[in-house]
There are 2 protein chains.
Amino acid sequence: MPSNPVYLGVIGVGGVGNAFLHQLAKLPAPPSLILLARSSQTLLSPAPAYSPAIPAADWQTASATPSLTKSGALTPAEIVSYLSSAPGRSVLVDNTSDPALASAYPQFLKAGISIVTPNKKGFSSDLSLWKDIFTSAATGNALIYHESTVGAGLPVISTLRDLVATGDEVTRIEGVFSGTLSFLFNTFAPVSGASSAKWSDVVSQAKDLGYTEPDPRDDLNGMDVARKLTILARIAGLEVQSPNSFPIESLIPAELASLPSTAEGVKEFMARLPDFDGQIAAVKEQAEKEGKVVRYVGSIDVAAKQVTVGLQKFNKDSAIAGLKGSDNIISFYTKRYGGNPLIIQGGGAGGEVTAMGVLSDLIKVLERL
Amino acid sequence: MPSNPVYLGVIGVGGVGNAFLHQLAKLPAPPSLILLARSSQTLLSPAPAYSPAIPAADWQTASATPSLTKSGALTPAEIVSYLSSAPGRSVLVDNTSDPALASAYPQFLKAGISIVTPNKKGFSSDLSLWKDIFTSAATGNALIYHESTVGAGLPVISTLRDLVATGDEVTRIEGVFSGTLSFLFNTFAPVSGASSAKWSDVVSQAKDLGYTEPDPRDDLNGMDVARKLTILARIAGLEVQSPNSFPIESLIPAELASLPSTAEGVKEFMARLPDFDGQIAAVKEQAEKEGKVVRYVGSIDVAAKQVTVGLQKFNKDSAIAGLKGSDNIISFYTKRYGGNPLIIQGGGAGGEVTAMGVLSDLIKVLERL
């Protein structure tokens, strides 16, 4: 298809944002990058020409040239206004995890601005926002793609949407959805059973390796997994009100839940975590006695309309038990696939693969605009 | 996106074709089916109105009504002429495995007719046809999707294309690509090691279950796997001249290779196969001694530009060894995914899931036209 010029606004230059910009710059015919925003600064191609474009990989150097406009943080309304005045269709790439920006998606979409994002917030908060997003996209004749909200670059969302769109009946979705929790349990309770590592040591190691959020409780509370499950359940047809409307097993000991999320609080959390090693060791040992291993999984029973997030025991020869490193695995049980599920497995976190999912979505949007 | 009316020609009403038509009929807003052809008969919506459309699920009943035109087999040129005169964009769905029709794809594409198909022939024959197809699609501003040529409805082609399009470096692709050979080896050499089944009995059982082609040699010769590998290798950037330009390990004993492909020949093949049970049992036992199992796999080493198809030994705890039933598994090793590959696994054969892959492609084409 011959593509008309498309204009791109990108928000966020963290790990994912940076990797995205570098991948974008290598496309054979990238769209014009006309807005690049980070927390307090915005770089713009000067209106009304919307030219020159911002060089995606060299924006830091280019921002020093007078040919680009610099500004402080813009409001969503200001960004909508700027992008919708561009001389062609435009796309917003939200590489943040900002809930405020996500709640403004309907404004963008109604104005005909398509959205591509790994930001889970828009799709896993109140059901009303989810509905507003998809209704607004239809109203504004805009597209919205969010592959990287689940499993990073793994083809999870697209596969589920294809199953649903072609009329298959998805009965159950099950898997390991957090790279961090995958690593923690693959290390703490390996299939070989040879590990005698303490839980708190494994958490500490993961933190040192940068596998956890700066505050490991943001992984251990299960909310990240709950948000991903909320998204998949909604695509599968369940009207999940919010990620708080189903049980989430938190791995944060109750006694430590109220520690503040300051650096001091994190320090105290890590210092006191060893006191609770016995609790989770008991869970591991119980599983061992049954010839199983324990894993932190999410599952959706579509018929029963049930979503659960927490620890479960798995046979050692199961695909979930055999997972390596910080891999994700997602199994789709459907009517057409019968007893053996369709399985997607691989790295589900990290800047490069997350950015790849975003870029892959962007390419699909460009093909359709 | 608002979609303009799109007109559909479908060829083939076998297992996949039939499942496709039933799935198509259930789409909320299916495109107009204006041509439906099987070997010697063609059903058409009368020109110049191209109306009424053929009811996809009830075409057999509808074919008895005078409102539709009946004809004998049309040539590709006649179908091109009919479809390209329709009052809108048109799509050809080729649900056959016909090499002659596949070699006519360039004519369709140059005329602006998009193509969706599970037919491997166009993409796995001479490299010149492959190139002609994609050049013609660009010339005619038409689209070509063929997800179901590898792994049926599993997202194999789309995932590989996404990896390549976003600039990842695919280093190796490996997997079990034949549902039939998957079943044969999962049964003959299970991980548990408990099977004492003879190879010829397993082949015979698979034939009785309808898991093999009518002539099991069409599975055992490895050509189906070689064609799939040819397609993936080309997408990954290798200029594979044809599926005969790399070594294929045939499981047909040399002594039986020249038996005719008549019913008599098949009968004699099955009768004499037990004479060769010792050969493959020896391979299985050698693997057992190394604590491994034997599987029939295909692999592509992109850097070394090597494609191989044949038996290999795998550790019992590997994903390939643990495959169930007639599942396929495809592992993509890439620069971004590092040591742990991106894996797609599940049923890779059968009318329903193959048709789903075709319909899912058609939906994407409709979104883009």
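Cβ atoms here come from the backbone N, Cα and C positions, even for glycine.
Listed in TrEMBL for this protein:
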ACT_SITE  A:LYS228  active site, proton donor
BINDING   A:GLY12, A:VAL13, A:GLY14, A:GLY15, A:VAL16, A:GLY17  NADP(+) binding site
BINDING   A:THR96, A:LYS120  NADPH binding site
BINDING   A:GLU213  L-homoserine binding site
DOMAIN    A:12-147  domain 'Aspartate/homoserine dehydrogenase NAD-binding'
DOMAIN    A:155-363  domain 'Homoserine dehydrogenase catalytic'
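The least crowded of the recorded positions A:VAL16, A:THR96, A:LYS228, judged by other CB atoms within 10 A of its own CB, is A:THR96.
Taking the C-alpha atom of A:VAL16 (NADP(+) binding site) as reference, the shortest distance to any of the recorded positions A:THR96, A:LYS120, A:GLU213, A:LYS228 belongs to A:THR96.
Within 10 Å of A:LYS228 (active site, proton donor), counting CA to CA, the binding-site residues A:VAL13, A:GLY14, A:GLY17, A:THR96, A:LYS120, A:GLU213 contribute A:LYS120. Every protein chain considered, the tally of other Cβ atoms within 10 Å of the Cβ of A:LYS120 (NADPH binding site) stands at 22. A:VAL16 (NADP(+) binding site) falls within a helix when secondary structure is assigned with DSSP. Listed in sequence order, the residues A:ASN18, A:ALA19, A:PHE20, A:ASN95, A:THR96, A:GLY351 complete the 8 Å Cβ shell around the NADP(+) site centroid, once A:GLY12, A:VAL13, A:GLY14, A:GLY15, A:VAL16, A:GLY17 themselves are left out. Residue density at A:GLY14 (NADP(+) binding site): 14 other Cβ atoms are found within 10 A of its Cβ, drawing on all protein chains shown.
Taking A:GLY12, A:VAL13, A:GLY14, A:GLY17 as the binding-site residues under consideration, the smallest Cα distance to A:THR96 (NADPH binding site) is found for A:GLY12. Under a cutoff of 8 A between CB atoms, and with a sequence separation of 6+ in the same chain, the neighbours of A:GLY17 (NADP(+) binding site) are A:VAL10, A:ILE11, A:ARG38, A:ASN95, A:THR96, A:ALA355. Here the CA atom of the residue listed as 'L-homoserine binding site' lies 13 Å from the CA atom of A:GLY15 (NADP(+) binding site). Per-residue pLDDT, averaged along the domain 'Aspartate/homoserine dehydrogenase NAD-binding' (A:12-147), amounts to 95 for this model. On the backbone, the CA of A:VAL13 (NADP(+) binding site) and the CA of the residue listed as 'L-homoserine binding site' stand 17 Å apart. Residue pair A:GLU213 (L-homoserine binding site) / A:GLY14 (NADP(+) binding site) shows a Cα separation of 14 Å. The number of other CB atoms found within 10 A of the CB of A:GLY15 (NADP(+) binding site), across every protein chain shown, is 15. When each of the binding-site residues A:GLY12, A:VAL13, A:GLU213 is scored by how many other Cβ atoms sit within 10 Å of its Cβ, A:GLU213 comes out lowest.
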